[in-house]
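Residues or ranges marked as active site, nucleophile by Swiss-Prot: Cys10, Cys82, Cys89. Summarising the annotation, Swiss-Prot assigns disulfide bond to Cys10-Cys82, Cys82-Cys89 and lists sequence analysis as the type of evidence.
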Amino acid sequence: MQKKTIYFICTGNSCRSQMAEGFGKLILGDKWNVYSAGIETHGVNPHAIKAMKEVGIDISHHTSDLINNDILIASDIVVTLCSDADANCPVLPKNVTKEHWGFDDPAGKDWSEFQRVRDEIKAAIETFAHRV
């Protein structure tokens, strides 16, 4: 069976989508190709790397990438993780499902915000895994 593709999109591919890609590969990796990107690139936030390391997931090798049109149109589902990405997501082909899972941006906030958003993203991906 061919793997499906899920593409996590946020504004800068710095925090939320990076954490989603990390959890996605862990939780969905047997059945899904998992990618992330941003409307812009802001570099991977060191606190996102630290937050994921705290739960045993290494995203230190990830890069902050712009949306890749080839991945976008080959995706089965595109998940926007913030209102900016939701509003500015490119038009998708009819065969690509789009979902919006809004999460607060932890950048520039207390460490506990990174942990909270990380845990919310994990829970959302676990819920998604049970429904697909």
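Cβ from N, Cα, C; glycine included.
Candidate recorded positions: Cys10, Cys82, Cys89. Fewest other C-beta atoms within 10 angstroms, Cys89. Taking the Cα atom of each, Cys10 (active site, nucleophile) and Cys82 (disulfide bond) are about 6 angstrom apart. Look at Cys89 (disulfide bond): DSSP puts it in coil.
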